[in-house]
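Noted in Swiss-Prot for the protein shown:
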- 122-142: transmembrane segment (TRANSMEM)
- 143-180: topological domain 'Extracellular' (TOPO_DOM)
- Asn155: N-linked glycosylation site (CARBOHYD)
- Asn164: N-linked glycosylation site (CARBOHYD)
- 181-201: transmembrane segment (TRANSMEM)
- 330-361: region 'Disordered' (REGION)
- 333-357: compositional bias 'Low complexity' (COMPBIAS)
- 377-397: transmembrane segment (TRANSMEM)
- 398-422: topological domain 'Extracellular' (TOPO_DOM)
- 423-443: transmembrane segment (TRANSMEM)
- Val432, Ile435, Glu437, Asn916, Asp920: Ca(2+) 1 binding site (BINDING)
- Asp479, Thr481, Asp822: Mg(2+) binding site (BINDING)
- Asp479: active site, 4-aspartylphosphate intermediate (ACT_SITE)
- Thr481, Glu553, Lys612, Thr733, Gly734, Asp735, Arg792, Lys798, Asn825: ATP binding site (BINDING)
- 880-900: transmembrane segment (TRANSMEM)
- Asn888, Asp920: Ca(2+) 2 binding site (BINDING)
- 901-908: topological domain 'Extracellular' (TOPO_DOM)
- 909-929: transmembrane segment (TRANSMEM)
- 961-981: transmembrane segment (TRANSMEM)
- 982-989: topological domain 'Extracellular' (TOPO_DOM)
- 990-1010: transmembrane segment (TRANSMEM)
- 1036-1056: transmembrane segment (TRANSMEM)
- 1057-1065: topological domain 'Extracellular' (TOPO_DOM)
- 1066-1086: transmembrane segment (TRANSMEM)
- 1124-1142: region 'Calmodulin-binding subdomain A' (REGION)
- 1143-1152: region 'Calmodulin-binding subdomain B' (REGION)
- 1181-1252: region 'Disordered' (REGION)
Amino acid sequence: MQKSQNVTAVTETNGVAAALGGHHTSPDTNAGKTKDAKEFGCSLGDLRGLMEARGAEAIVRLSTEHEGVEGLCKKLKTDSLVGLNGEQADLDRRRHVYGANTIPPAKSKGFVRLVLDACKDPTLVILVLSGFINLALSFYEPTSAAEDATQHLVNATTAAILANGTFMSTTEAPSEGHGTAWIEGVAILLCVIVVVLVTAVNDYSKERQFRSLQEKIETGQKFSVIRNGEAIDVPVSDLVVGDIARVKYGDLLPADGFLIQSNDLKIDESSLTGESDHIKKSIESDPVLLSGTYAMEGSGKMLITAVGVNSQTGIIMTLLGAGKAGIGDDDSTSTSSSSSSSSSSSGSSSNGSSDSSKSGDDDLTAKSVLQAKLSKLALQIIYCGTTIAIIALIVLVTRFCLDHYVFEKNEFSLVDIQMFVKFFIIAVTILVISIPEGLPLAIALALTYSVRKMMHDNNLVRHLDACETMGNATSICSDKTGTLTTNRMTVVQSYINGNHYTSQEAQPHGANLPGSTGPILMEAISVNCAYNSMIVEPTKAGEQIQQLGNKTECGLLGFVNRLGGDYAAIRKKFPEHDLTKVYTFNSSRKCMMTVVPYAENGQNIGYRVYCKGASEIVLGRCTYLIGSDGKPHQLTGDRLKEITSTIIHEMANSGLRTICVAYKTIIKKGTRDVEKTEIEFAEDSDIDWDDEDAMYQNFTGIAICGIQDPVRPEVPVAISKCKKAGITVRMVTGDNIMTARAIAMSCKILEPGEDFLALEGKEFNERIRDENGKVSQAKLDEIWPRLRVLARAQPADKYTLVKGIIDSKATPQREIVAVTGDGTNDGPALKKADVGFAMGIAGTDVAKEASDIILTDDNFTSIVKAVMWGRNVYDSISKFLQFQLTVNVVAVITAFVGAVTVSDSPLKAVHMLWINLIMDTLASLALATEQPTDELLERKPYGRKKSLISRTMVKNILCHALYQLIIIFVIFFYGDTIFGIKTGLYAPLFAPPSQHFTLVFNAFVMMTVFNEINARKVHGERNVFKGLASNRVFCVIWVTTFIAQIIIVQFGGAWFSTAPLTLQQWIVCLVLGFSTLIWGQIVATIPSKKLPKAWKVGKGEVQPANLHINGDYNVRARSRAVTLRRSGKSLWVRGMFIIGNHLRVLRAFGMEKSEKAAFGRTAPAMTAEAAERWRASYRKYRHQKHQEKKATAETAESVKSADWAKEQKEKKKTFKQIKQVARGKSLDKDSKKHHKKRKDQTNVDMEDIELN
């Protein structure tokens, strides 16, 4: 009961008491709510108390206090069949009394808080300390002229070399005097303020963008409710107490409530309780449904009784917010803080062992390929900058000591301390220049810009790093239905009464079918389809029929209408709440069955079971088949083979999905004579509806339907683009192999003459598993490179394939895999994939929660667009790197050489401010906003191991840096002679700006600005102007930069340390700037392939767990490992879509604990006693369930032999030990011996345990 201990610990803290008790409602408000509650007959407190009960206690309280669910419906003024009337006044009144279905979000960081966060940067702290020391020492006046001259020289050196791109003095330079030495220290502090403000503004803007994205995700969540007798989808936030909600397979329950109707409904409550088994819900045994849990099987209806902060999700969020714990840490402080926000929670609910915690951290620190390589590159740059800074410091200190103490034989004085501080500032400044501080901004801009644009291309990105990871994808495992096809199902062929109707126009009319075939077929389809599947006839000419719900079932319902029937009228005869039993479709059974009462002459005489599903599977369960005379005939093995080969295979080869419809009748003994196809029973208690195997046999086949799902016309072109881009597309589908192969041929996944594999799931498993049934990576490596189609695939097969491709080292470049999924069971595969795509239309909440990107149109072409945007992000960051590193190299070398040669720098501090502004902010905006082009799909993926900076980029960086350095040093050392102007070398500290140094500055900026155009191409392209006109942002920034440079040079004066230049000098600078374009063409002629392979940076596969770059763009540390069974290990909120999103936002925005404490304070108080009652009731319920299982086991043991019982006990113990190992728990000595003994006897696949 680790989870209970955690809740107790949180509840008992002072923080919880303060937060939960800090909310007080005014007497007037309470009085108003009490008055409204009397109108409904049930107060908020009554419902909250009722929801604390579990199992039998909940049933008893519901029955005694409210006369059952129907009585509670009456008190809440709702109807279990019709629902609420939907009037806005009624909905508002319910929200006023019982609350809205929203959880108050955490207050976003204010600008002042962001400023304080920016001040925590270690580099800025060092500079602030240096500034204060410098400022304090500046007021000391040296006593000797020699010391005064020395101090002036040092001041000149440091003022010139201060190269943090943000150092600027706002005071006009004085002409002389030691009394102004304080300006340098003040300038340092002022420029730190500028840095902090720029950082805070950037973070504030970025936070607003992330909030906008988060709202987009959350507002897209809808749920089906019944209002005014009609089923409608409403936003989750619009749900109110009293709503009748329809629960279906894959739904995330958005509120608490009681079950009204259950069709084999099973719920995954592991996110709340840690219980790994799916809980079967029924009105008789366990009717309580809790928010934050998932419907894993079946369907049903529920009465909503608690929403928002009063639901289980809201209560937990209130506790988490008040407890100041478990949500996450500020990910701007360290790598571990950004990655352990989730793992710390899971660790607290596990054994607490270090091994387990470490494993969780390792999973959560996984970054994308690009982020990992950028982190490694940043470290390499910092190492180089640190080395240069240390060398500069050693040279300056050594030279000063030799000159001052050895040669001049001076004594040590306070001035010397000031000089050493100056030298230290110079070294720190060189280090600051080398740090790629603009890199996180460029990444954030590229990602957020791309994410906004991708929304227009039907890609809703949930995790920002997924969009650039997609650019590296080498393999796509795609579903068929709805992704490659239109998902508009139509029955175009059928096999009825021994006749094969081969076209849609040739389909028969129901009245013309012999015997009772027509009515039985239409009833079998209408009743045995989910009642939320329906077709809406067009209201205007030219419109198509609208299909709602499951598209396969909609195709069958359309077939009923074409037969002359009315599926809606048939359903009225069999209301959903009167259905005896529903066995919903699942991937293992491959069929759906519905049991309805069967009557003759107005008298119920038994039951009829309708079945539909995969044709070869359902037909194999049939013992009879309706023939041409309308009567059932024995279905022999030979007849079954004939139908399979001539009908099913022929339809499948035409790309049709084949569905078999069957039925059987169960007649009560004594009502009438039983026919040969019917089954007799004595009493209702004799029928075990839970025995699916008994139900799933002895059917009579009615018809086989061939359903056409046309391939999307744009898909073949998109797949051809993927092939050209070096991306392998694989189709994973549940259809049979022939249908799958035919669709693959239509999509050009398979083409004539290619030696690729198309396998069924069964054969796939036989080929990849060893003699013990375990997946062999070696065998899998022999299969997956040639595999293109996987048919009749189970979700576990998809997971095995994805995991095998990702883990494989069979190819030189490790594969990066994208996966599409829509079902609940696709969750593990979506999580395991590098990028998971969920279907926005057909996808379940489970699939969407597990995904990285949601396809809002379920279209494969949107995936191709995601690839383009991903590669565009990669290219945008590469362009910025190429540009920034060139400027970095030139600036660092210039500052270093100036410091160690003439104790002066050609670039002043204010010049470096402007250059860094160009290099960081403006270049980020200009280069990170390029539009993607189809040319991006003409290159192969980068892969996991390819260098971040290619030989071409290294060539460009070094060649352009060398060219610029030569020009700068020529002007620096010989410019006065060349231009006939006064030299700026060895000028006094407070001398007015010189044309000499202004020429150096202007030439450098002109070359930098023109080189920004060169930086637009990173793959050796000749035409650097291609696409320039379409990038308005780049053009505006470039022109603005150019004009600003003219103003700074001509009118900046002492403020910008510039002197106006003549027209001739401007022409020279412009020529030098333009010459970089010509030089770029010369550099492009150097073949990159002939350069040394060592000219690569960031090559090899990166292990990013311990790498970090400022955390700005690491929005969420995503776990890529498959989720193990979560019994006792997972925090309650794991698996909750809404809560999970909110926690990710908290981590993305770097919320501090104090802010998290405020989260949830607006929620109504939940007392510690109430929380303890909740836990106690659940413990009591689980104990009751344990006793029931124990009693069942004892009964079984009394019937079975002692050997069988012993075998079962050993198996259970083995499974328990394996789960302990999976959770990181240790075994005692006896358990270890038993585990080793049973290891070879029991074939247990760990992957199956993870999935099942």
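Cβ from N, Cα, C; glycine included.
Here the features listed in Swiss-Prot are painted onto the structure.
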residue: Asp479; record: Mg(2+) binding site; Cβ neighbours (10 Å): 26
residue: Thr481; record: Mg(2+) binding site; Cβ neighbours (10 Å): 21
residue: Lys612; record: ATP binding site; Cβ neighbours (10 Å): 26
residue: Gly734; record: ATP binding site; Cβ neighbours (10 Å): 23
residue: Arg792; record: ATP binding site; Cβ neighbours (10 Å): 23
residue: Asp822; record: Mg(2+) binding site; Cβ neighbours (10 Å): 25
residue: Asn825; record: ATP binding site; Cβ neighbours (10 Å): 23
residue: Asn888; record: Ca(2+) 2 binding site; Cβ neighbours (10 Å): 23
Nearest of the binding-site residues (Lys612, Gly734, Arg792, Asn888) to Asp822 (Mg(2+) binding site), judged by Cα-Cα distance: Gly734
Integer Cα-Cα distance in angstrom, Gly734 (ATP binding site) to Asn888 (Ca(2+) 2 binding site): 55
Between Arg792 (ATP binding site) and Thr481 (Mg(2+) binding site): CA-CA distance (Å): 13
Proximal residue to Asn888 (Ca(2+) 2 binding site) among binding-site residues Asp479, Lys612, Arg792, Asn825 (C-alpha distance): Asp479
Counts of helix, strand and coil residues, the topological domain 'Extracellular' (1057-1065), according to DSSP: 3 helix, 0 strand, 6 coil
Residues of the topological domain 'Extracellular' (398-422) by DSSP state, where helix covers H, G and I: 19 helix, 0 strand, 6 coil
Cα-to-Cα gap, Arg792 (ATP binding site) vs Asp479 (Mg(2+) binding site), nearest whole Å: 12
Between Lys612 (ATP binding site) and Asp479 (Mg(2+) binding site), the C-alpha gap once rounded to whole angstrom: 22
Additional residues around Mg(2+), ordered along the sequence, whose Cβ is within 8 Å of the centroid of Asp479, Thr481, Asp822: Lys480, Gly482, Thr483, Asn487, Thr733, Thr820, Gly821, Gly823, Met839, Ala842, Asp858
Other parts of the chain folded back onto the topological domain 'Extracellular' (1057-1065), taken as Cβ under 8 Å at six or more residues beyond its ends: 173, 908-911, 979, 992-995, 997-999, 1001-1002, 1048-1051
Spatial separation of Asn825 (ATP binding site) from Asp479 (Mg(2+) binding site) - C-alpha basis, Å: 13
PLDDT averaged over every residue in the topological domain 'Extracellular' (143-180): 40
Where Lys612 (ATP binding site) falls in three-state DSSP terms: strand
